[in-house]
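Student: Submitted below is the structure of interest, expressed as structure tokens.
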Amino acid sequence: MKKLLIHGGRRLSGEVTIGGAKNSTVALIPASILADTAVKFDSVPGILDVQNLQLILKSMNVTSDFKGGELTIDPTDIVEAELPSTAIKSLRASYYFMGSLLGRFGRATVTFPGGDNIGPRPIDQHIKGFEALGARVREENDTIYIDAPEGLKGARIFLDMVSVGATMNIILAAVKAKGTTILENAAKEPEIIDLATFLNNMGAQVRGAGTDVIRIVGVERLEAHNTHTIIPDRIEAGTYLSMAAAQGDGVLVKNIIPEHMEAFTAKLIEAGVELDVREDSIFVPKTDVLKPISIQTAPFPGFATDLQQPITPLLAKAAGTSTILETIYPARTRHIPELNKLGMSIQVPSEGLIEINQSSQHTGNTVKAAEIRAGAALVIGGLMSDGITVIEDAEHILRGYDRLIHKLTFLNGDIQIIDDDEA
Ligand SMILES: CC(=O)N[C@H]1[C@@H](OP(=O)(O)OP(=O)(O)OC[C@H]2O[C@@H](n3ccc(=O)[nH]c3=O)[C@H](O)[C@@H]2O)O[C@H](CO)[C@@H](O)[C@@H]1O
Ligand SMILES: C=C(OP(=O)(O)O)C(=O)O
């Protein structure tokens, strides 16, 4: 098991460059098996999710090579195989192999995915989509068996709720199906546009990504002719913006698409952080005085649930009580008792409602990262606290934060990683 050890209290300054979006990358890698050629990505984040997806690819005889942010994947000799369940369980997005294997072979057998423990995460809308396209879906012993003996045929699908995963998975299954699929009440996250861009550059016909109606006309072949550059990670960016506002003396966060994070930056500005939003970077000045604010999480373009936790420790500095209503995953509050161990004063009076009171004295302690963004909140909390903070179960954080130690050290943070298995 890995731990992070932070000597807190140091002020942060300098520059940090954001990596490619985890939630794009983890869809693009499964999508690559739909290609009839090798594919190449750049701006790929150095995260555990990528390593585990590479293991899954390898089990199907798909070669991949990841160096210096460039990832090449060659699916031309792909074979159907049993997928390694430990790797499948290590991340959420392994469910995208359901859509991509279905698109490639007309069948898929995939163990239930893992990922963050943030409350119930059903996949009924993914299954509803596959069935609408003509597949049969059976669930047995923690495994989903899907097949389409007659082939997949385009259909009209209306999602019962806005789901990023179901939208992506239905695109993956429909992109080579016969005829036209119309997906309504689709999610509008930038990562969905990124997936559509990658597929369209290979000859797919996916129109309307980024709106709530996506039309997909099935094609027979997909061929990559150029390198796909992954969009910047808006959640990693928001994490560093929050950290810089909490503990920085002036930090420039580079490689940002500001339009992807307006709900978040608007809230920082409302709280009194005088952000300088530039074309593809944001400067966060030293911020001494913060006002309390109210936030409600919502699907894009609303305030992202994945930034609920990273903004929580910052709000402990605001003069008054801030509130966050977590509407997507109401049980996503496992960071709260851990932040309170650092001396914060945060309550959860009812499920999904977080009340953050001002607290001025924060002291290091041993805490546990229950999941990726809870861990990110604890990293920020640890940097804000005097003395040593030890964050256990750090693997959750490393699932999705590109070269975290390197980036924080460069910002003058004092952070180390300890591997108990190697001790
Ligand atoms: C790999 C990835 O991109 N993960 C993101 C993705 O997760 P993920 O794709 O799993 O999240 P969804 O957008 O599907 O979930 C949104 C809501 O719909 C519900 N739901 C979803 C599917 C379904 O079939 N049935 C159902 O009830 C979920 O329980 C949740 O309440 O979007 C979440 C919401 O923005 C983010 O927190 C995750 O970081
Ligand atoms: C919930 C998240 O990830 P995943 O869906 O991969 O578990 C996240 O990135 O905050």
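Numbering starts at 1 and runs along the chain as displayed.
Cβ coordinates are placed from backbone N, Cα and C, and glycine is handled just like the others.
OK, TrEMBL features for this one:
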- 7-408: domain 'Enolpyruvate transferase' (DOMAIN)
- Lys22, Asn23: phosphoenolpyruvate binding site (BINDING)
- Arg92, Arg121, Pro122, Ile123, Asp124, Gln125, Asp306, Ile328: UDP-N-acetyl-alpha-D-glucosamine binding site (BINDING)
- Asp116: active site, proton donor (ACT_SITE)
Student: How far is it from Pro122 (UDP-N-acetyl-alpha-D-glucosamine binding site) to Asn23 (phosphoenolpyruvate binding site), counting Cα to Cα, in Å?
Tutor: 18
Student: Could you check which of the binding-site residues Lys22, Asn23, Pro122, Asp124, Gln125 have their CB within less than 6 A of ligand 1?
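Tutor: Checked binding-site residues vs ligand 1; flagged Asn23, Pro122, Asp124, Gln125.
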Student: Taking the Cβ of Ile328 (UDP-N-acetyl-alpha-D-glucosamine binding site) as the centre, how many other Cβ atoms fall within a 10 Å radius?
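Tutor: The answer is 20.
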Student: At the Cα level, what's the spacing in Å between Arg121 (UDP-N-acetyl-alpha-D-glucosamine binding site) and Lys22 (phosphoenolpyruvate binding site), rounded?
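Tutor: Answer for this pair: 18 Å between alpha carbons.
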Student: Reduce the DSSP letter at Ile328 (UDP-N-acetyl-alpha-D-glucosamine binding site) to three states and note it down.
Tutor: coil
Student: For the UDP-N-acetyl-alpha-D-glucosamine site made of Arg92, Arg121, Pro122, Ile123, Asp124, Gln125, Asp306, Ile328, how many Å separate the two farthest Cα atoms?
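Tutor: Pairwise Cα check on Arg92, Arg121, Pro122, Ile123, Asp124, Gln125, Asp306, Ile328 gives a maximum of 22 Å.
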Student: Near ligand 2, which of the binding-site residues show up if the criterion is a Cβ under 6 Å from one of its atoms? Options: Arg92, Gln125, Asp306.
Tutor: Arg92, Asp306
Student: Among all the protein chains here, how many other CB atoms are within 10 A of the CB of Gln125 (UDP-N-acetyl-alpha-D-glucosamine binding site)?
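Tutor: Neighbour count, Cβ to Cβ under the 10 Å cut-off: 21.
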Student: At the Cα level, what's the spacing in Å between Asp306 (UDP-N-acetyl-alpha-D-glucosamine binding site) and Asn23 (phosphoenolpyruvate binding site), rounded?
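Tutor: Here the two Cα atoms lie 11 Å apart.
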Student: Between the Cα atoms of Lys22 (phosphoenolpyruvate binding site) and Arg92 (UDP-N-acetyl-alpha-D-glucosamine binding site), find the distance and write it as a whole number of Å.
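Tutor: Taking the Cα atoms only, Lys22 (phosphoenolpyruvate binding site) lies 11 Å from Arg92 (UDP-N-acetyl-alpha-D-glucosamine binding site).
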Student: Cβ-Cβ under 8 Å from Asp124 (UDP-N-acetyl-alpha-D-glucosamine binding site), same chain, 6 or more residues apart: which ones?
Tutor: Asp160
Student: By the count of other Cβ atoms within 10 Å, pick out the sparsest of the binding-site residues Lys22, Arg121.
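Tutor: If we count Cβ atoms within 10 Å for the binding-site residues Lys22, Arg121, the smallest count is at Arg121.
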